[in-house]
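According to TrEMBL:
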- A:12-35: transmembrane segment (TRANSMEM)
- A:42-61: transmembrane segment (TRANSMEM)
- A:67-88: transmembrane segment (TRANSMEM)
- A:100-122: transmembrane segment (TRANSMEM)
- A:149-168: transmembrane segment (TRANSMEM)
- A:197-220: transmembrane segment (TRANSMEM)
- A:232-258: transmembrane segment (TRANSMEM)
- A:270-289: transmembrane segment (TRANSMEM)
Amino acid sequence: MTMIFGIPLQAFLGQLLIGLINGSFYALLSLGLAVIFGLLRVINFAHGAQYMLGAFVALLLLQYFGISYWLALVIAPIVVGLVGAVIERTMLSRLYKLDPLYGLLFTFGLALAIEGTFRYLYGAAGQPYSVPAALAGGTNLGFMFLPIYRGWVVVISLVACIGTWLLIEKTKLGSYLRAATENPVLVQAFGVNVPMLLTLTYGLGAGLAAFAGVLAAPVYQVSPLMGTNLIIVVFAVVVVGGMGSIMGAIVTGYMLGIAEGLTKVFYPEASNIVIFVIMAIVLLIRPAGLFGRDA
Amino acid sequence: MKPLLEVRGLNAWYGESHVLHGVDMTVGEGEMITILGRNGVGKTTTLRTIMGIVRERKGQIMFDGRDMMGVPLHRTAHSGIGFVPEERGIFATLTVEENLLLPPVVAGSGMSLDEIYELFPNLLERRSSPGTKLSGGEQQMLAIARILRTGVRLLILDEPTEGLAPVIVQRIGEVLKTLKERGMTVLLVEQNFRFASRVADRFYLMDHGQMVADFPVGELPERMDMLHKVLGV
Amino acid sequence: MSHTTHTATEVRAERAPTASFTYAAFLLAGLAFLLVAPMFFYPIFLMKLLCFALFACAFNLLLGYTGLLSFGHATFFGGAAYFTAHAVKEWGWTPELGVLLGVAGAAALGLVMGFVAIRRQGIYFAMITLALSQMFFFFCLQAEFTRGEDGIQQVPRGHLFGFIDLNVATNMYYFVLAVFVIGLAVIWRFVNSPFGMILKSIRENEARATSLGYSVAHYKLGAFVMSAALAGLAGGVKSLVFQFATLTDVTWQMSGEVILMTLLGGIGTLIGPIFGAGLVVTLQNYLATSDFPVTIITGVVFMVCVLVFRRGIIGEFYASRLGRRLGFEHRH
């Protein structure tokens, strides 16, 4: 058997893949957080709840309407994005003039309310969501066995990340977003409906979280608490990356996912906390974060 | 001459401090107006209040016969008013061309991108570099140029020559003259008195949040004593 | 929360001389009530309330007086509970020494967490404290002495100073009340000390405080450790009251709960968190018998508070007509 650093190659690559999958979710979620924070100056604590909502919408669509995974991948982000937009317009938008901490506290309450409601309605236990037929099974790469769905998650989330990056960096809408991040009042004075842009951005961020949730449904179980602990890890990812850069959020997400996977190989006891430890070390060495601009 | 902008009894506040105390002014179609006054008398606030950026305001603002008081900030530009702020407001994360294309076109009468590049050849050369990598003078040109694309009828400029070299100031003067020939109405605040007297048709003199005098450029020589007194120059 | 960005919501009560009198009268009435309360309420309920009230006051010391929002205070509360429980159960320490160990342990954890977290401000500070306290949660989940999911059970209350039997409910209650009063007195003293004044000036204008030559980071860290130690005092005593220490007290939900208590009672008011804690604990007790989940209510109350009730109960009272007539001046 081939060994690497005294570990069987199979196990090593297996954990690397799991790390890459986790990293995909970290990247998608921290990307959404960074986009929302950039424009709204709100840390969206409800991001984990919106991720959970995405998975639940997919599950309920399947259970009640027999709607497939593929359609759910489109419908769930739209539904959750719309709900997010309504919340932004009716409630969150009243907090922009206040200290950003109030936005954090409001979305924290929102997360509790959403997760509590789903726990009340569906119980805390996870429910399985099966892998779509087209992506079932696996393939032997010669050096390891790759479940096709896992490969798909890595590829499609990378596509979603790059797509979002292109949307922000290369399109007209993206130039509005970037400009409004710098100076919202001036952009509005130029005739751009900035309040609408904020609503759209929050909806986009929530939709992105829901998209990640649908992707996650077949990998993990669908449960009301699936986003709870995840969001705290994603906060750490965001602190490590610094929220100044979209690309930084993506790269940091994948890096930390892989670091976590490798820790599982070499020192499993620390795998839960390795991301927090990295965060602490980065803060001590480079407080602004790896890609951060402000201190 | 038909008035394009009419301001009556305009009051404005920044939080607790009352800055404008009943500003009255009229800007005719195609006129180039300069507001003079010492620092802190409310010139910039007047511009920002007309634009709708300062929302704590009372009084009347009529633009092209339309009451502007209830118009939300993002609709003001669509009524035909363009704004070049004092700090220029060039976006660092946007390229020069993105900066240029940012403000939405509100009327068909604006310049095309080609015309703008013809008027400002430097911007064409540096179209893909980040906006804030330009020199101060180029940034000012970009700030003006991007409004010209939109087709607004009234251009509001806050101290366009501040901190710029004489040769650039001259260039901005030429641009403003070109605009005037095309029938643009311009309202500007200016500290550079010589520059103002070269481009303006008419002056408003401001003190303590009010307009205290207005006179055409022809009366400038006989008004110099009063100007010295109010401006303290 | 920084003064420059949200002056309109700043809650601060300036007391005129008449208010000092009213205030003293209220305090005496409150103390008198607490002295006789065991005759009317279950002691265990009252003790729980006092522990959480002290916890919330300790938390408010940081948020209300330095503007730092910690999302990781469960670490100090729950951590101290473990330390105290371990010391009295495994090492046979007396309760007062066990509690002191809890306080010292919480202060040490506060020093470490504070040292890392004060490198960033505002929203980042909140996220970092949350992440570090999640790390502590995982540590407690895996460490030997915390006994994992079971927690430390059957913690003996023991004899205070070796001769006061805390298994007698009344003795235990008055011990908790004494700790509560001492804790409040320490907070009161701290806030009104020169150190507290400097913290206040840092909150109002950090740049100015820096330019006056104060080492802002040291003062923030000092406040953080102080707040952690007092939260530890509350947590240590709580483990004696309930005779166990479990993972519940180190979860992020617990950190959220103490924020809610403070927000509900009035950020930056000395007695607001006590009322907030009272309300939350009562609500939890009430809902404990129904199967309706507390988190939904907690979440909704959070949202409502942030949207329309940012001054909290006591802040609103100070700002109300009655409050002002009694001499409390609400300053924006």
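Even glycines carry a Cβ here, placed using N, Cα and C.
Across the candidate stretches A:67-88, A:100-122, A:149-168, the maximum count of CB pairs under 8 A to the transmembrane segment (A:42-61) is reached by A:100-122.
Sequence-distant contacts of the transmembrane segment (A:12-35), counting only residues of its own chain at least 6 positions beyond either end whose CB sits under 8 Å from a CB of the stretch, comprise 4-5, 43-44, 47-48, 51, 143-144, 146, 150, 153-154, 157-158, 160-161, 164, 168, 177, 201, 204-206, 208-209, 211-212, 215-216, 219, 230-231, 233-235, 237-238, 241, 243, 245-246, 248-262, 264-265.
Most Cβ pairs under 8 A with the transmembrane segment (A:67-88) among the ranges A:149-168, A:197-220, A:232-258, A:270-289 are made by A:197-220. Tertiary neighbourhood of the transmembrane segment (A:270-289): same-chain residues 233, 236-237, 239-244, 248, 256, 259-260, 263-264, 295, selected by CB-CB distance under 8 Å and a gap of 6+ residues from either end.
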